[in-house]
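Since the structure comes first, as structure tokens, the remarks are kept for the end.
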Amino acid sequence: MTLTAETDAIPTRFAGYRAVLASRMRSQRSYRSNFVIDLASSGLVGLIELAEVWLLFHQVTVLGGLNFTQVLLVFGLADMCYSIADMVVGHCDTLPKYIREGTLDVFYLRPQPLLLQLMTSDISLRRLTRAGIGLTSLVIALCINDIHWSVAHVALLVLTIVCAIAIFSAMYIWAAGVQFFLIQGAEFTNAFVYGGRYAATQPAAVWSLPLKGLFGFVFPMALAAYVPALRLLDLPGPAGMPNWLAWCTPVAAVWMWGFALIMWRFGVRHYQGGGG
Amino acid sequence: MVDYIIETDGLTREFTRRGKGRETLRKTTLRAVDELRLLVGPGESVGYIGANGAGKSTTIKMLVGILVPTSGTVRTCGIDPHRERRRLAAQVGVVFGQRSQLWWDLPVRESFDILAAIHQLPGAAARSRSTELIEQLELTEFLATPVRQLSLGQRMRAEVAAALLHRPRLVILDEPTIGLDVLSKQRLREFLITERREHGTTLLLTTHDMGDIERLCERVLVVDHGRAVYDGSLDGLARAAGAERTLVLDFADATPDLTGIPHTTHLGSEVAGARQRLAFDSEMTTAATVLAAVGERAQLRDLSIEEPDIEDVVRRIYRASR
């Protein structure tokens, strides 16, 4: 396949990113059996996560004021959005490998922003199955729960999905920024990235106070699924998380991206030695 | 005023290292590049040599905007590399001998296509340039081969093509011939000579292979501990180091040691003096004068002249400057 088509047009500035991503997808699918195994194992992980929630409800009927079908809505929203973010930018946590192998230095030689190059340098198609489990959970939960659908409900759902993907993506970006100056920093950041994902799939009402502070406001995981889900179900929120907060997911997304870009910038400055 | 391709003044880069364990608070500062002043004009070809850790890679990283200088100024192609890295990227091509800019799982051809898209090269320009590079670097036979299956020599040639696809004005090569077989080295050098002649490309290369310098560079810069200790022609380097040429003399019979000939040093004798080695200073005397003096003492059967080994020259320069 020749990407420089039979015209003499100058490629758009997106052509480079598109070409890299297309090549990544082709190469992942080119080993068919390998790809199928990857898809299956990733789907299995999603199923196990789901089974965990389901098993929990064999012991209790209500968790944090929600029953199983209601928790399924929180789980579906959070897990689908997280899996999509993981698929698109999950490779950013391998930044130390990029540094070690000199790939990052090669990024410097191309006329594109570093972070965009890193984000578009790979894509993990195998995570599609896990996102599929999340989507299935979400659709089932939306059908069996008693939701009084209105335009506002639909708008909130769409807004939440977009913002939640942005929030989870930003978690990967700030974690990557930190890898520049922490040796073995992944141990530290994983606690927040994966811990955050786990927290987001749970009703925030069951969290302890420090956890509420951390994943309610610092890394606003509660806003990625739980709070919007309450609003969709027309349920009152726990203390400190009023119902209208559901519309604040864009604020959370902007805050997380602001934080992520600052951390990235710090990291790059450190790498170049230009002072923090 | 000349528009320099590389222009640095007082360029300095320090690294701070923290101690390990209990020493974590103790910082040591290491000066990798020390007040480097370097002016390279368009079309020049400069060999940048020095021992490992002399500051070559650090300089290159500052020239392309990967590292920010601790102090001093640097302009590459008239651009501040740190502030306008992306604009500079269109004008500079870099080959790092140790790291790849190709996609290891893709055929060479596809890597070129992606790079053309990244550099936003117009279709016709990208096609004609890649055809030219494929021809001159003889890449045709392995264009469809994934990069991971290439031999080192093939990969290096593909790397060079990838770095030159966007017709950079300045090409920086960091150890381009390391580990290559003789034939691959020769091909690569011939290509670079042609590229320079046809496009007026400026070359800066670091190498441990003095053959690269001799074939490709008319100017040599020697660095030691981040400082430039020599900047000039290759011949001048040998003179500055006081490096001497060596005459290897074969005699018909065993001959007493040839000591005391003016401006020469007797280096040693073999086969009871039937072969002797004399170093002479080409500034002070000529080979003919030395031979005449030798001829008075013994029957000369054969001779050869050994050029100074340039690694040795660098060592001498280091000694002289310290």
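Any Cβ shown, glycine's included, is placed from N, Cα and C.
Quick look at what TrEMBL lists:
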type	residues	note
TRANSMEM	A:35-57	transmembrane segment
TRANSMEM	A:128-148	transmembrane segment
TRANSMEM	A:154-183	transmembrane segment
TRANSMEM	A:204-224	transmembrane segment
TRANSMEM	A:244-264	transmembrane segment
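Simply put, out of A:35-57, A:154-183, A:204-224, A:244-264, A:35-57 has the most Cβ pairs sitting under 8 Å from the transmembrane segment (A:128-148). In this chain, the transmembrane segment (A:35-57) lies out of contact with the transmembrane segment (A:204-224); the count of Cβ pairs under 8 Å, excluding pairs fewer than 6 apart in sequence, is fewer than 3. With a cut-off of 8 Å between Cβ atoms, the residues of this chain six or more beyond the transmembrane segment (A:35-57) that come close are 28-29, 63, 67-68, 71-72, 75, 79, 83, 125-134, 137, 201.
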